[in-house]
Amino acid sequence: PYLRWGQISPNTIYWAIKDIEKSGTLPRAKLKSFSRRIIWRDLAYFQLCTFPDMHSKPIRSHYKAHPWVEDREIIRRWQRGQTGFPMVDAGMRELWKTGWIQQSVRMIVASFLVEYLGVNWIEGHKWFHDTLVDQDTAINAMMWQNAGRCGIDQWNFVLDATSGFQDPTGSYVRRWCPELKHLPNKYLHKPWEANEATLRKAGVQLGSTYPTRILTDLKKARLRTKENALAMLRTPESVKMTDPNGYDLITIPGKGISRVFTRREFRNRKPDDPKNYESKDQKRITSFFQKDIARNKSHSKGKRKDRSRQSKEVEKDNNARRQEKKKARMLKKKFKEKTRGRMNGGKRALTRADFED
């Protein structure tokens, strides 16, 4: 929130990180990760300037036809931390109570809403906009667009809310879901797997002291969301905004068309008869990308030749340096041999001739 409300500048943070990096007091990998998030902040502002409506409209315009679940009860249970999935509930309860949750927890609850519950990412954006004390329209919109697979980027993962990888000791869930605090770690993230005796001993009654699961089959729910997305992506309107390799295309205002990263599972979308879907625009786009691919191949070939030439020159320099080092070692060895006994005997001072062949 201090950065969001201008109490500290991103420049101050960035150079403070550089100072810490020089001191070596913190691992370099952690500092690099933190610096990257400061840069992502600027990327979010760039996106908002380019797409001013990104808080309510997908950047990948054809994704507006994506079918979503509109059950208000499902949305309400997610908002209030009553999904029956402890990690999700802990995150949403902390958000409601404090107005803040850690980045990885934000990703877990967002992934759960979109990928498993199949709810529109806009619902998540609205809720975060209303509840976060560090609410930033640019960052919030970018995160939720990526979670909804319709932004400039897509999250290349689907987070499992039951794995407990973010809370291995269970301290986080026990803090925000105190009704589960006496459950063993083995069942803390999956209380429905505990037997009646274990639940009774922990004072947990599913459906009473703690809500039952909002979903009973995560794999099936995930598959349903994927099939809905693929059905949308195979429509004529979506196929027009696809390159020959299945990557999504977006229109950048004043710049034209650009290809964006698309998850592998959503690239296989070609209909049975592509000719029925191929418009003039699609043919133009296909032609453009085929030429672009050819240019890239030619450019890569030239680059390989340059790299090969550079490698030979580097190897030549390395060989010369190795020879110089070898010669220096030999001179040093000869020096030791000729000085052995003379320095103590004091017969005469050594001259250059002593080391010449």
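From the backbone N, Cα and C atoms, a Cβ is placed for every residue, glycine too.
Bear in mind that TrEMBL entries carry predicted annotations, made automatically and left uncurated.
Here is what TrEMBL records for this protein:
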type     : residues              : note
BINDING  : F34, D134, Q135, D136 : FAD binding site
COMPBIAS : 262-284               : compositional bias 'Basic and acidic residues'
COMPBIAS : 296-307               : compositional bias 'Basic residues'
COMPBIAS : 308-322               : compositional bias 'Basic and acidic residues'
COMPBIAS : 323-341               : compositional bias 'Basic residues'
DOMAIN   : 35-227                : domain 'Cryptochrome/DNA photolyase FAD-binding'
REGION   : 262-357               : region 'Disordered'
SITE     : W68                   : site 'Electron transfer via tryptophanyl radical'
SITE     : W121                  : site 'Electron transfer via tryptophanyl radical'
SITE     : W144                  : site 'Electron transfer via tryptophanyl radical'
* Structure fact -> binding-site residues considered: D134, D136; fewest surrounding Cβ atoms within 10 Å belongs to D134
* Structure fact -> Between the two most distant Cα atoms of the FAD-binding residues F34, D134, Q135, D136, the distance in Å is 19
* Around the Cβ of W121 (site 'Electron transfer via tryptophanyl radical'), the count of other Cβ atoms that are within 10 Å -> 24
* DSSP state at W121 (site 'Electron transfer via tryptophanyl radical'), helix/strand/coil -> helix
* Taking the Cα atoms as reference points, how far is W144 (site 'Electron transfer via tryptophanyl radical') from F34 (FAD binding site) in Å? -> 20
* What's the CA to CA span in angstrom from D136 (FAD binding site) over to W121 (site 'Electron transfer via tryptophanyl radical')? -> 16
* **Neighbourhood of W68 (site 'Electron transfer via tryptophanyl radical') by C-beta distance under 8 A, where only residues 6 or more apart in the same chain count** => G118, V119, N120, N228
* How big is the Cα-to-Cα gap, in Å, between Q135 (FAD binding site) and W121 (site 'Electron transfer via tryptophanyl radical')? -> 16
* **Set of same-chain residues at least 6 away whose C-beta sits under 8 angstroms from F34 (FAD binding site)** => I17
* What is the separation, in Å, between the Cα atoms of D134 (FAD binding site) and W121 (site 'Electron transfer via tryptophanyl radical')? -> 19
* Other than its own, how many Cβ atoms are within 10 Å of the Cβ belonging to Q135 (FAD binding site)? -> 15
* All-chain count of other Cβ atoms within 10 Å of W144 (site 'Electron transfer via tryptophanyl radical') -> 27
